[in-house]
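Quick notes on the structure that follows.
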Amino acid sequence: GSSSNKATTSDHLPSSSKKEKTVKKEAKGTHKRNPSPEKTDHHTKKIKKEHPAPKKLQRKPFNKLLEGVVFVISGFQNPLRGNIRSKGLEMGAKYKPDWENSCTHLICAFPNTPKFMQVLGKGHIVSKEWIEDSYTQRKRLPWR
């Protein structure tokens, strides 16, 4: 015969079923916990502008970066002169051997060439870095 001693100790704490009344203090005074005004703009205007035309801030294709630029080169010797010209042309600029009314930029080596004096006050005078950096970064940089 197997005798089984079952010692069941039930440690049940008396469950207090007191319904705690949650006291809601409705402050009808001016004591608000939120210092922020309640005028939060939840009505953010979501106007989807669906234009098929690309935005002007989008990157232009590389061959149109300098679109509208007509440049003259002054003070550079070949092969550097040719490099500057070909980079400008690759980016969509037009090249003129001499300054005329249609020209917009003079790419100048130093500020005392005859072309520099001719262009002063008529167009943008830039260094070769403007073309080279625009070419390297594949974006049109500001001319100053």
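Heads up, the Cβ atoms here are built off N, Cα and C, so glycines get one too.
In TrEMBL this protein carries:
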| type | residues | note |
| --- | --- | --- |
| REGION | 1-60 | region 'Disordered' |
| COMPBIAS | 1-14 | compositional bias 'Polar residues' |
| COMPBIAS | 17-41 | compositional bias 'Basic and acidic residues' |
| COMPBIAS | 42-60 | compositional bias 'Basic residues' |
| DOMAIN | 61-144 | domain 'BRCT' |
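Helix first, then strand, then coil: DSSP counts for the domain 'BRCT' (61-144) stand at 30 helix, 14 strand, 40 coil.
Taking the domain 'BRCT' (61-144) as a whole, pLDDT averages 96 in the prediction.
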